[in-house]
Amino acid sequence: MSDFKSNNKVVNWIEERLPVFSMMQHSAIEYPTPRNLNYWWNFGSLAAVMLIIMILTGLFLAMNYSSHTSLAFDSVERIMRDVNYGWLLRYLHANGASMFFILVYIHIFRGLYYGSYKSPREILWFIGIAIFLAMMATGFMGYVLPWGQMSFWGATVITNLFSAFPVVGDYIVTLLWGGFSVDNPTLNRFFALHFLLPFVIVGLVVLHVWALHTVKSNNPLGIDMKGPQDSIPFHPFYTIKDLYGIGLFLMFYMAFVFWAPNFFGEPDNYIPANPMVTPPHIVPEWYYLPFYAILRAFTFDLPLLPAKLQGVLAMFSAILILFALPWLDSSKVRSAKFRPLYRQFFWLFFVDCMVLGYVGGKPAEGVLIKVGQFCTAYYFAHFLLILPLLSRIEKPKPLPASIAQPVVKAAALLAMIGFGIAGFGGQAQASSAGMPEFKKPAAAFSWEGMFGKHDQAALKRGWQVFHDVCANCHSMKLVAYRNLADIGFTADEVKAFAAEKEVPDEPNDEGVVNNRPARPSDRIVPPFANDKAAAAANGGALPPDLSLMNKARPSGPYYVYSLMLGYEDAAPEGHPIPEGKFFNHYFPGNAISMPAVISDDIVAYADGTKATKEQVAYDIVTFLNWAAEPELDARKSMGVKVMVFLALLTALMYALKRQIWKDVH
Amino acid sequence: MADQAHNAQPSSVDGQTRRDFLLYATSAVGAVGTGLALWPFVHSMNPAADTLALSTTDVDISAIKPGQSVTVVWRGKPVFVRHRLPEEIADAAKVNTADLREPETDTQRAKKPEWLVLIGVCTHLGCVPLGQKPADPKGEFGGWFCPCHGSHYDTSGRIRKGPAPSNLPVPPYQFTTDTTVRIG
């Protein structure tokens, strides 16, 4: 470190007072790295990049977010609709959380496969587990912030975990809530902690890298570097390799951000939190599912140890047991490459975790309960029985004398694993059990596919249907009249639509509140003064707000389209429908309060299109989709540009990487 | 280790050229990409669509008597609407604009002489000047007086004395009817 010299006087002046340059030289440039690292070693730096993206997007989201229960949901929707590029920041952040966990899970499994937790890397491993725990806490609290139904009920369920502890449990839960249920104090403190914890993670990452640089990187062979011939300097070899990996990863990440931004999310979270109604099937985010399955696997009470407490203890133990791993696995050989038995059990364990994840995302019923219990037992057996036993009976293959062989190109494999995990993350598309297949329009919805956009003519017709029919009962509180300019209405038409309704004005000089005509800047005025009035006027059933309907139901557009056309005049045999309800094939439970309003020629379209039932349904679904995702057109066209750019950049980085590495291979 | 790095250098001049080209091309494309990626973050701090949509305010001026002023909110800022008396108009008109820090005639500043519409934010450092209420100090020129650092404005809202650099700005406005002003 002391041999650092520069020709630049300013650099030397700073260096003598604060040795940052020699530190960078030492730990980011010269840092001797095993020459045989494969692509599985990219995931650490990828996770660091992801952490930076999360902090950056999170910071700018926080500038527009309100952590009050009465504002949180709407402030998130304002970010999506009104804040410049707000939709991009939010989708980067929400999908970024899933990406972060994908990267970290691969990073952890890489450590498990190659024995990176073994001496002398135990403390490096511990800090890693601490980062994982901090990520889980951060992710959980972040998911609460949009204050949708899943936010609220996720928060309720997870905080209730602590009630399992005897005597102190209820006090802990009250303390966490700051009240007697999840409410405003809870949301406020979760926001504060969600802002803080990422910086704690940054600190832990610094320690993680410090520990790494002290003991040096493990490698696929799991043997120590024996001399200069085994290592290469970090720069430029691994800087360019990491950058190339980042390029590949960003394309994977951006595919979700621009084309499937709600893939990892739950439709229920586009319904504002309602403390009175739990959604029928609540699931945590996919990255908690294996642990959620372990939590639910315990169903028998034992003396002093009720099932609830067993589950909670098992769930925490499932992570904490990783701390004991360096001693549970006492084999001196690190890499599974030379441990024929361990390698097989590693993959069994991997499959076990995947199955647990699958089970965790499904309702706890039938054979899945038994599967979950078996996999939970196996999870712990892997650590407590198999690993200690293996290290005694296994005969490792002979280790090579030194790090010699060139790296394997695994870029394609990396992408495949990523997609595999993403597909797995698709999990709980809350199955509407017993529902018929959704109807599909004769022509696909115009906005589907990679380049699909909302059809302007259908949007204008859809607004006409909404305006003439739906809006008599349904509100659309998140859309403003001014937004109608985006679907092709002129400024004067927008003004006229707004002026049809009245809203309360500011109090005048005498303090009297009069009504004034609505203006384009006002949100679409609801048909009823409040939810109670709306329910009372509709036979006791509140017509839901339609702003987010297409995003708030699984397969939203198809659901709404099918619902519009799914009425029967008389309920079929064996499906008695209560008085005042109507039979619909696609409504959960079949008994819907809304009558069959859509019929042929219910509107006379201004553009002369024939208003068949199917056409009307198509148009209203198109309009509702625009209302829910007004950014869709801009999002997709930006996505194409981003992908073309990333492809070019990644290709360049790949070529540069080959050029830099060609004499090493 | 230095040997290692040295060994890794391309051996041929041709390879060196290719490597340099790739390095510069990748760096350039990467730098452009980083720059473009920063724009959404910066732009997210600009006024949002709903903020921009609230950029007009209608004021009913039928109840403002001569000599009275009202303060209305436009874009989060106070806007002064003063129904000027004939002598105030006369005062404002007779000023020799050559003597002013920011030369503007009164007719340039008021669409109808009896109505003066101003953004009520001192051009020095952003305080709200006094002079809207009957009991307020109006400064040495009968208009407004900023208590923060002592700027005096005349009955046309022009800076006459004190540290402020320019006149109180006139917002875009129009008379939509005889009794209504739309600001913005």
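The first residue you see is number 1, and the count goes up from there.
Placed from the backbone N, Cα and C atoms, the Cβ positions cover glycine too.
The feature domain 'Cytochrome b/b6 N-terminal region profile' is assigned by TrEMBL to A:10-221.
According to TrEMBL, the feature transmembrane segment maps to A:39-66 (among others).
Counting only same-chain residues 6+ beyond the ends of the transmembrane segment (A:87-108), those with a CB under 8 A from a CB of the stretch are 40, 43-44, 46-47, 50-51, 53-54, 57-58, 60-61, 76, 79-81, 128, 131-132, 135, 139, 142-143, 249, 252-253, 256-258, 261, 263-265, 285-287, 417-418, 421-422, 425, 631, 635, 638. The transmembrane segment annotation in TrEMBL covers A:87-108 (among others).
What TrEMBL records for A:123-145 (among others) is transmembrane segment. When Cβ-Cβ distances below 8 Å are used as the criterion, the transmembrane segment (A:123-145) is approached by residues 58, 65, 67, 72, 76, 97, 100-101, 104, 107-108, 111, 116-117, 151-152, 154-155, 158, 186-187, 190-191, 193-194, 197-198, 200-201, 204-205, 207-208, 211-212, 215, 269, 284-285, 287-288, 319, 322-323, 325-326 of the same chain, each at least six residues removed from its ends.
Residues or ranges marked as transmembrane segment in TrEMBL: A:157-178 (among others).
According to TrEMBL, the feature transmembrane segment maps to A:190-212 (among others). Tertiary proximity for the transmembrane segment (A:190-212) is limited to same-chain residues at least six positions away from its ends with a CB under 8 Å from its CB atoms, namely 27, 48, 51, 54-55, 58, 62, 65, 67, 121, 123-124, 127-128, 130-131, 134-135, 137-138, 141-142, 144-145, 155.
As annotated by TrEMBL, transmembrane segment applies to A:243-260 (among others).
Residues or ranges marked as transmembrane segment in TrEMBL: A:309-328 (among others). Within its own chain, the transmembrane segment (A:309-328) has Cβ neighbours under 8 Å at 117-119, 122, 125-126, 129, 132-133, 136, 161-162, 164-166, 290-292, 294-298, 302, 376, 379-380, 383-384, 387-388, counting only residues six or more beyond its boundaries.
The feature transmembrane segment is assigned by TrEMBL to A:340-359 (among others). Beyond the transmembrane segment (A:340-359), the same-chain residues lying 6 or more positions past its ends with a Cβ under 8 Å from any Cβ of the stretch are 109, 112-113, 286, 289-290, 293-294, 331, 368, 371-372, 375-376, 378-379, 382, 386-387, 390, 393-394, 396-397, 424, 427.
Residues or ranges marked as transmembrane segment by TrEMBL: A:371-390 (among others). A Cβ distance under 8 Å defines the sequence-distant neighbours of the transmembrane segment (A:371-390), meaning residues of its chain 6+ beyond its ends; these are 293-294, 296-299, 314, 317-318, 321, 324-325, 328-331, 339, 341-342, 345, 348-349, 352-353, 355-356, 359-360, 364.
Per TrEMBL, transmembrane segment is recorded for A:411-430 (among others).
Among the features that TrEMBL reports, domain 'Cytochrome c' is placed at A:457-610.
DSSP assigns A:Cys470 (heme c binding site) to a helix. Around A:Cys470 (heme c binding site), the same-chain residues six or more apart in sequence whose CB sits under 8 Å from its CB are A:Leu546, A:Val597, A:Ile620, listed in sequence order. According to TrEMBL, the feature heme c binding site maps to A:Cys470, A:Cys473, A:His474, A:Met594.
The region 'Disordered' annotation in TrEMBL covers A:501-525.
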For heme c, whose listed binding residues are A:Cys470, A:Cys473, A:His474, A:Met594, the greatest C-alpha pairwise distance in Å: 11
A:Cys473 (heme c binding site) CB neighbourhood, other CB atoms within 10 A: 19
Secondary structure tally of the region 'Disordered' (A:501-525) (DSSP, helix then strand then coil): 0 helix, 12 strand, 13 coil
Tertiary contacts of the transmembrane segment (A:243-260), as residues 6+ beyond its ends and Cβ separation under 8 Å: 39, 42, 45-46, 49, 88, 91-92, 95-96, 98-99, 103, 411, 414-415, 418-419, 422, 450, 635-636, 638-639, 642-643, 646-647, 649-650, 653-654, 656-657
For the domain 'Cytochrome b/b6 N-terminal region profile' (A:10-221), mean pLDDT (0 to 100): 96
Which same-chain residues, if any, lie at least 6 apart from A:His474 (heme c binding site) yet have Cβ under 8 Å of it: A:Phe466, A:Pro527, A:Pro543, A:Pro544, A:Asp545, A:Leu546
Under 8 Å by Cβ from A:Met594 (heme c binding site), same chain, sequence gap 6 or more: A:Cys473, A:Ala541, A:Pro543, A:Phe582
